[in-house]
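The next block holds one structure in the form of structure tokens; read it before the comments.
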Amino acid sequence: MKFGEYLCKNLTSEWSSQYIQYEDMKEILYEFQSKAPLINEINQNLIRQQYFVDVDQEFFQFCEKELTKINTFFAEKLAESLLRFDFLKNEFEYIEGNGEDRHLTVINKLYKSDQSDLNLSNENKMKLRESISKIRLKRFQKHEHIKLNDFKLGLSEFYLMLIILKNYQTLNFNGFCKILKKHDKLFETNRGYQWRMLYIDSASFYKSIRVDELINEVENFYTNKLANGNRSRAMERLRVPPLEEKHSSIVTFRLGIYLGMILILIPLLILLTLLIYNNQSSKEIDWRAGLHLYRSSFLIIFHMILFGINVYGWSINGVNHILIFEIDPRNHLTYEEILEISTFLMVLWLISLNLFFLLFYYNIYPFIQPLCLTILLILILINPLKIFYKNSRYWFLKKLFRVFIAPYYRVDFVDFWLADQFCSLEIIFFDLEYFICFYVNENNLISSQSIHSSVCNGSSQIILQSFFQFFPSWFRFAQCIRRYYSTKEKFPHLVNAGKYLSTLFVIITNALRRFNNFDYHQNKYENPFLYLWILTSLISSIYKFIWDIKMDWGFFQNNSNENKYLRQQIIYEKKFYYYAAILINFFFRFIWIINIFIHFNSLFGEYSDITGFSFAFIEIVRRFIWNYFRLENEHLNNCGQFRAVRDISIRPTHNLNQNNLQQTQNDNTIITINNEIPMTTMNHEQNLTNYSLIRRKTNAEEFIDEINNLLINNIN
């Protein structure tokens, strides 16, 4: 493998702009070589040599610029790592000290309680207090155990960042060695080797051993403090995942089996349907009931398949969805595993649907099948056994719970991303009313024709459907309000909340339109709520489309340069993908307009269930496309902040600031980096001595800001 390809595969994508620009430097060398004068006469040899001397001056200036960039970035990350490790050690002391203090406080409060409140003997009082003490201490120990596990996770993330930083050193050093060696080979000289010996071998980003020392310190800290001296157990916890996703042959094999079963079951389903349709003696299939009972589960499974394809696309294009979703990089599902699960569920769905038609053919309780399928899917999700990737399932359930209690919990990216997916699955909430009402009537379990409940007809049906439809948009609306509460930023959070509020108005006006259809069934044009529904739908669609393009995808930036109407940086290979996505998103956002014509056409109105399913299918495809560019935009934001690992904190923020401030005031703590801060190059060594003494701020962000200011001042 060529080094350029190796570099692209092994670099940290969030830091990509800070690595050596190896391919650019290689192109420069080849361009210089192609323009070199040919040797036809003796005096032209001198001209050629002078040409290469002039070229070297320009090339080595580029190398110096790259070395300055790398040294400077390494200085920032090393300083950040030193501060972070100091912070983590303080957190551990806080957990230990605070835990012991609270432990003693609980016991003292129990044994100093007022005895006059209990009409019991002294012996019974003592037994009661001991029982209460044990219960409370168990709860307390469980809480402290959770905090300690969070600390272990935070330390393992810090260890991962150190490995990434060490990899940054190695890749850049190898990059300089390779490009300078190529320089000497093309120009038939040794000036590249001399430049490397003079500047690269003594460069502080390469010469520094502080990262290796930090790695050893973290390993020893984890072994001694958190693993009871068991180094093998400590290293297992600190294990760094491979830079490239490893493929499991057994997963690939199972995925192939499930895909093969799908290819068999689909023709079987078509054949069975045609057989029943052509058999005049069989009863007519209640396809409307079957469609309502099966379409939601199909759309969920289909959405999972598309999400697996999303993950594949992100992986091959370097979009770090693992970091964006705050997933444990040591234990997460690959795209093959997601596709394995989703295709397996699709096999179950197709088997159930085939059985549904087969039981209809023989008139043997067909409507038991959709209920059994739904129960099976729920059991697969919530079962406590270590099958079907239990950790991932429980992670999903935890995030799902956070979506449901949005106003009462801090909202992270994965929370509102997941709620956005529900907004595209609005039909499953709409069908929830039908599913509940259908199986409330016990006769439907033993009948081959659906019997509608009297409770779920007319106005009560509209109310229930609208009520359930409210949930997806309400989740996102509540999340936006919570984000505003946490940040006090009106833009974008309150403006974003208005987008979901507009969807709620669409649901309300649509419900009113449907209510009044009974009164205006003779002339639907006279229904005033029809035009109100069209107006709110139009406003909501425009609102959502603009937000998609401008805010979620980050397009139409002023500094887009050659990426016209897009943004300055793009990841995916062809610009055509971006322009096509904008047009598709526009078309799919306004496809509901077809509903207006269906509303006035009684022939198409009879098949509104099918058109509703078609619109839901299209919306899921739109969300599939949306996911690519939404994650790309978030990834580029992380790249702009050079955020490559999760930042996990244990202590409450207000305690952190107060304790750090008090410690700074008491001991005037100073972080001394001394000679380990990388110098930029050549004449900048003396200027960067400002790094030697940097006072610790009350939080990491202020500290890094100070470093950035020093860097800018010294480089300028």
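Yeah, the Cβs are placed from backbone N, Cα and C, and that goes for glycine too.
Per TrEMBL, the features are:
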- 1-197: domain 'SPX' (DOMAIN)
- 255-277: transmembrane segment (TRANSMEM)
- 297-317: transmembrane segment (TRANSMEM)
- 338-361: transmembrane segment (TRANSMEM)
- 367-389: transmembrane segment (TRANSMEM)
- 456-663: domain 'EXS' (DOMAIN)
- 491-509: transmembrane segment (TRANSMEM)
- 529-547: transmembrane segment (TRANSMEM)
- 576-598: transmembrane segment (TRANSMEM)
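Below 8 A, the CB atoms of the transmembrane segment (338-361) and the transmembrane segment (255-277) form 3+ pairs separated by six or more positions in the chain. Nonlocal intrachain contacts for the transmembrane segment (367-389), taken as residues 6+ away from its ends with a CB within less than 8 angstroms of a stretch CB, comprise 289-290, 293-294, 297, 333, 337, 341, 345, 348-349, 352-353, 355-356, 359, 396-397, 435, 438-439, 444-445, 447-448, 450. Under 8 Å from some Cβ of the transmembrane segment (255-277) lie the Cβ atoms of residues 285, 336, 339-340, 343-344, 346-347, 350-351, 353-354, 357-358, 360-361, all in the same chain and six or more residues away from its ends. When pLDDT values are averaged over the domain 'EXS' (456-663), the model yields 87.
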